[in-house]
Amino acid sequence: MLPTNRNRPQQRPARSWYFISDMDFSDPKRKPRYLSKILMVALLTAMCVVMLTQPPCHRRTPSVFSIHEPGVTHVLVTGGAGYIGSHAALRLLKDSFRVTIVDNLSRGNMGAIKVLQNLFSEPGRLQFIYADLGDPKAVNRIFAENAFDAVMHFAAVAYVGESTLEPLRYYHNITSNTLVVLEAMAAHNVRTLIYSSTCATYGEPEKMPITEGTPQFPINPYGKAKKMAEDIILDFSKSKKADMAVMILRYFNVIGSDPEGRLGEAPKPELREHGRISGACFDAALGIIPGLKVKGTDYETPDGTCVRDYIDVTDLVDAHVKALNKAERGKVGIYNVGTGKGRSVKEFVEACKKATGVDIKVDYFPRRPGDYAEVYSDPAKINSELNWTAQHTDLLESLRVAWTWQKKHRSGYGPPQAMVL
């Protein structure tokens, strides 16, 4: 029989746990706290085991857009939901470029993005990011999360008349936002920029046609804002650490649409009064507006109306792609993109009547502030250096192609609720 000693009970020594400091289970007040620590350690250990043992297919893999892939050029297209930007994205995708579109949809159309996504649905071809270039943090994050090889910068408000009414908006949207893009490019080592500029930077030159050497004296906030953006780009490109490939394309009045009828021009309803003359002609032909308003009949031109160089959007985006392919680090190229032939507004309206088959009502009004009498290009430099020549120079045919799209899309790309991704 084992001896007992009830009068002198022996105290059991407290266990020590080497992985938790100050552990003393002999103290009942501390026991709950110690148990919670043990449970937390066990939980963290279990989580680590699960993460390390799960199959590779369940682990998050980097997006293809965040990786530089040999043989694939990844182009950021700002304003890619807009009229010109969407056509440029279409051409890039057709030519097997990888494309990221950034747009805040203030002027662009989600419908154009949807068309492109349906055409190029293969993984790694196209992504759309909703963002405002006026937000430096958002822009920097986009550059940090994506491996861009080049930027085509289209995003901008672009109506001469509107710029005279809201000049500060134009300087902020065009000039300031271009600076934001440049800073992000510099921070993330993206060295190729194709910049969408305008003949409006020349103002009202004394001599025609306009060459790249024609002095730039813009006469409206739109042209001035673009000129400032050009100056910023050129100054930065000259700095030793920039080492950039820069192409600045100053283009003239854009018309037309995708020849296959996939994309077209669809300005927001509230902006139609500021829009291009082709859009106004089509709206009049469709009965959306009662007639066409021609502003200015007393210019020093053959028929008193403004003379412009009308460039088809298909030719314009071809110039951008050729500029991208020819861009070289440490070099800057500046090119006019036009047909080299001027047409008066009256000529344009007559061509639009023929293209639509509608006898459009025309009303004449005084000049619009900020407009200039005559502007057309000398495309010799771009012809020679980029081997680019406008192919769609038949004004009537360009208008017919655009009219085909407009007839099928009276409300643009459709109601917003039908375009949610």
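Just so you know, glycine gets a Cβ as well, placed from its N, Cα and C.
Cβ neighbours within 10 Å of Y222 (active site, proton acceptor), excluding its own Cβ and spanning all shown chains: 26. Marked as active site, proton acceptor by Swiss-Prot: Y222.
Annotation for T78 (NAD(+) binding site): spatial neighbours G85, V102, D103, L133, V151, M152, H153, F154, A155, V181, criterion Cβ-Cβ under 8 Å with sequence separation of six or more. Annotation comment: Swiss-Prot describes 74-105 as NAD(+) binding site, evidence class similarity to another entry.
On the 0 to 100 pLDDT scale, the topological domain 'Cytoplasmic' (1-33) averages 46 in the predicted structure. Feature annotation from Swiss-Prot assigns topological domain 'Cytoplasmic' to 1-33; the stated evidence is sequence analysis.
What Swiss-Prot records for 54-421 is topological domain 'Lumenal', and it gives sequence analysis as the kind of evidence.
Annotated transmembrane segment per Swiss-Prot: 34-53, in sequence order.
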Integer Å distance between the CA atoms belonging to Y222 (active site, proton acceptor) and R98 (NAD(+) binding site): 31
For G82 (NAD(+) binding site): DSSP state (helix, strand, coil): coil
The sparsest Cβ environment within 10 Å, among the binding-site residues H74, K94, R98, is found at K94
Within 10 angstroms of the C-beta of V102 (NAD(+) binding site), the count of other C-beta atoms across all shown chains comes to 26
